[in-house]
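Peer 1: Can you read through this structure? Questions will come right after.
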Amino acid sequence: MGRGETEQRPGGAPQIEAGDRTVLVSKPWNKGRNGNLVSAGFNIINSIIGSGIIGLPYSMKEAGFPLGVLLLFGVAYITDYSIILLIRGGNLSSTNTYQELVRKTYGFIGYLILSTLQFLYPFIAMISYNIITGDTLTKVFLRIPGVGSENVLTDRHFIILFTTIIFTLPLSLYRDIAKLGKVSLASLLLTIVILVIVMVRTVTLGPQVPKSENAWIFAKSNAVQAIGVMSFGDIFENYCKNDNLATFGRFCYGVTVILTFPLECFVTREVIANVFFHGNLSTVLHSFVTVIIIAVATGISLVYDCLGIVLELNGVLSATPLVFIIPTACYLRLSKERWNYSDNLISCLILAVGVLVMTVGFVLTILHPQECSHGKEMFYCFASNVSLQNSTLAP
């Protein structure tokens, strides 16, 4: 086509070529496309941030606050650099996706390893979401007048099953992830509410909580696991059960986790579809695979409830290879530059750090597992701390 000529797109959407650019001029088509882009944006932000932004205190606690802050910036830089390496690797190998890049670089075995990690990371996150839902919402229902500890609403197993059947399973059955855009927006708005609540409690509750020993120590022995986690933890475990403002925060947190769950399920289902069904699932298979994935994740979360260990294992065994190891390994194999080229040296360094974090983190997690303290009241919430307890009731 010549400059300024028009071409009719399938479906009646005309486009105009102007030099090297192609400009779409159909308003109805743009509207739908922009709507999908907005939904995709909400989904991406919810998946990346979601409930994760309020769980950083867990990794800070494990690493030591000063070192935790440094690690946070370090992990952010490495993640950004790894994405750049993936783009460069895609250009060098003429591929468009992470899976295609690894398959072309390391063959079918590399593709299977990547797919396994891509499945495990969101799958374990689904288990974590269920654990958080069970732990969080039971405390919310306990604050309802007339609901005692024997009530079914305070049984974490019932809450997990109920929320799965009524909310997460129906939302996860959507075939088009763009339809979850409004759900992700609601989750993000609730996350903002949660952040406000946490900041308010920092001001009103923080000064009255006795300082713990070595609270400001630069580094702790669990720093390696913290690198892998840098994810979400149940921060509301730090607040008293009779704190009404924190109870509202717990409710928002539980809803946020429920609304984020379908995004993780979508990823796990997509991996299975790509590996076993060439990327195509019939309606029946789509429903069957979704139900199986959710059933297994729910079953595990019903019998195991220690969030910290789940996060650490997911971090060191799934997240670390996906971010630190595989992108750098692909780039180093594809790069035609000399060994002392700056990108090659940085890639080697990140690769070595990734292997070290994964190995040491896994060993430490197995040999020195963190105490599973879910459901326990903090020491400053007991009746002996009457003045403190009463102060937490005020917003």
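From the backbone N, Cα and C atoms, a Cβ is placed for every residue, glycine too.
Automatic prediction, not curation, is the source of TrEMBL annotations.
According to TrEMBL, the protein carries these features:
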type	residues	note
DOMAIN	34-232	domain 'Amino acid transporter transmembrane'
DOMAIN	233-366	domain 'Amino acid transporter transmembrane'
TRANSMEM	37-58	transmembrane segment
TRANSMEM	64-87	transmembrane segment
TRANSMEM	108-132	transmembrane segment
TRANSMEM	157-174	transmembrane segment
TRANSMEM	186-204	transmembrane segment
TRANSMEM	251-272	transmembrane segment
TRANSMEM	284-304	transmembrane segment
TRANSMEM	316-334	transmembrane segment
TRANSMEM	346-367	transmembrane segment
Peer 1: Of the residues in the domain 'Amino acid transporter transmembrane' (233-366), how many are helix, strand and coil by DSSP?
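Peer 2: Helix, strand and coil residues of the domain 'Amino acid transporter transmembrane' (233-366) number 111 helix, 0 strand, 23 coil.
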Peer 1: Give the nonlocal contacts of the transmembrane segment (108-132) in its own chain as ranges (CB under 8 Å, at least six residues past its ends).
Peer 2: 51, 98-99, 102, 160, 164, 231-232, 234, 253-254, 257-258, 260-261, 263-265, 267-268, 271-272, 274-275, 293-294, 297-298, 300-302, 304-307, 310-311, 313-314, 317-319, 321-322, 326, 374
Peer 1: Using a Cβ cut-off of under 8 Å, list the residues of the same chain at least 6 residues beyond the transmembrane segment (157-174) that approach it.
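Peer 2: Apart from its flanks, the transmembrane segment (157-174) reaches 130, 133-134, 137-138, 141, 180, 183, 254, 258-259, 261-262, 265-266, 269, 286-287, 290-291, 294, 298, 301-302.
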